[in-house]
Amino acid sequence: MSIITDVYAREVLDSRGNPTLEVEVYTESGAFGRGMVPSGASTGEHEAVELRDGDKSRYGGLGTQKAVDNVNNIIAEAIIGYDVRDQQAIDRAMIALDGTPNKGKLGANAILGVSIAVARAAADYLEIPLYSYLGGFNTKVLPTPMMNIINGGSHSDAPIAFQEFMILPVGAPTFKEALRYGAEIFHALKKILKSRGLETAVGDEGGFAPRFEGTEDGVETILAAIEAAGYVPGKDVFLGFDCASSEFYDKERKVYDYTKFEGEGAAVRTSAEQIDYLEELVNKYPIITIEDGMDENDWDGWKALTERLGKKVQLVGDDFFVTNTDYLARGIQEGAANSILIKVNQIGTLTETFEAIEMAKEAGYTAVVSHRSGETEDSTIADIAVATNAGQIKTGSLSRTDRIAKYNQLLRIEDQLGEVAEYRGLKSFYNLKK
């Protein structure tokens, strides 16, 4: 009754209006699962391959019909007949069927859509929530949200190099209250921006994208919004950055060239100067997390940054690790970073995603479950965050339904868990010296 009988993919649109995949899996019993695949704008060069058609006459070359066909004509034939509950066997079968180190043959987007749909179908077959199916009886930790309320870099047209300015409501007693803190700060920020005559249009991840005078202007404005909403920076709410440094790192000159986003007159920093600058910001403001502070291939820079700041700030590898256990293992061995960003489409299966989270935790690294800038209404990452007791999630600002869908799912999960639910706030940063 739990045997897979049909697998079907179709092309749908993501939050940027670009094509992506939706996959459906059916079993003999009638159990059903559906998975939708996100897409990134700033992508690490070592990520698994997102298969696009390249036909410029259709969606500007971004169509996903090849990936859809790979699901319907190749993957479906290979996994029909499997027990839907055997997630690892199905994921391994798809990896073997692809046969490349980066899933470049079938496409990570094709494989991931099936992987998610299989898990959802199994949960439906067992008549339990997805987080319970994935995590078992010890599932209880609601994640501390990283809320991206200012968008810069590749996620907006604002002249700021850093891609994300985030708030983290660590002082809230529950996830529900943490979400309220964030929403109130978001609206306070909007009022401040309007009062200054700045734009309140939002970027890809739902944050504002105003023309600030620079990074520190953005930080000071966020701090003012936190206080205007009635909260205390550095107690109720901390700050975080996603620098996305690979987006403005000049490989030939080996410098961090802020002029790419901030224009003529902006800083051009060496690796050592980049570390000094980040330390300066950390010493000045209540910053608890920095993502991709160094370029993805600047291993010496990452190690130096970790040695300098790794005891007091969470240093998250996104493009640096690309949710890949090979890169994470090297980082652990060399003492580079102290946290990994978990993006399911960077690696391509739920099995490999869970392996990366487990490896990080065993090494004392934190794991931050994350969305992509091109999202859908699929809320699987909310269930993954709770299933793994990851303790942190990054899923955008307090606007756009593609972001709110994840927050609303976490509210449902917190309700369903009842008294068992834990919101750990600052304790989610377990590898820092408070």
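Easy rule for this one: first residue shown is 1, then count along the chain.
From the backbone N, Cα and C atoms, a Cβ is placed for every residue, glycine too.
A quick note: this is a predicted structure, and the numbers were derived from the prediction, not measured.
Feature annotations, courtesy of Swiss-Prot:
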type: ACT_SITE; residues: GLU205; note: active site, proton donor
type: ACT_SITE; residues: LYS343; note: active site, proton acceptor
type: BINDING; residues: GLN163, LYS343, ARG372, SER373, LYS394; note: (2R)-2-phosphoglycerate binding site
type: BINDING; residues: ASP242, GLU291, ASP318; note: Mg(2+) binding site
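Here the features listed in Swiss-Prot are placed on the structure.
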residue : record                               : contacts (Cβ under 8 Å, 6+ apart)
ASP242  : Mg(2+) binding site                  : ASN148, PHE162, GLN163, GLU164, MET166, GLU291, ASP292, VAL316, ASP318
LYS343  : active site, proton acceptor         : PRO38, GLY40, ASP318, VAL322, THR323, SER370, HIS371, ARG372
LYS394  : (2R)-2-phosphoglycerate binding site : PRO145, MET146, ASN148, MET166, LEU341, VAL368, VAL369, SER370, HIS371
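Annotated Mg(2+) site ASP242, GLU291, ASP318; additional same-chain residues within 8 Å of its Cβ mean position, judged by their own Cβ, are GLN163, GLU164, PHE241, CYS243, ALA244, ILE290, ASP292, VAL316, ASP319, LEU341, LYS394. The maximal spread of the (2R)-2-phosphoglycerate binding site, taken as the longest Cα to Cα distance among GLN163, LYS343, ARG372, SER373, LYS394, is 17 Å. When other Cβ atoms within 10 Å of the Cβ of ARG372 ((2R)-2-phosphoglycerate binding site) are tallied across all protein chains shown, the result is 27. Counting every protein chain shown, the Cβ of GLN163 ((2R)-2-phosphoglycerate binding site) has 31 other Cβ atoms within 10 Å. Counting only the Cα atoms, the space from SER373 ((2R)-2-phosphoglycerate binding site) to GLU205 (active site, proton donor) is about 6 angstrom.
The secondary structure of ARG372 ((2R)-2-phosphoglycerate binding site), as reduced to three states from DSSP, is coil rather than helix or strand. Remark: of the recorded positions GLU205, GLU291, the most isolated position is GLU291 (fewest other Cβ atoms within 10 Å of its Cβ). The Cβ of ASP318 (Mg(2+) binding site) has 30 neighbouring Cβ atoms from other residues within 10 Å, across all protein chains displayed.
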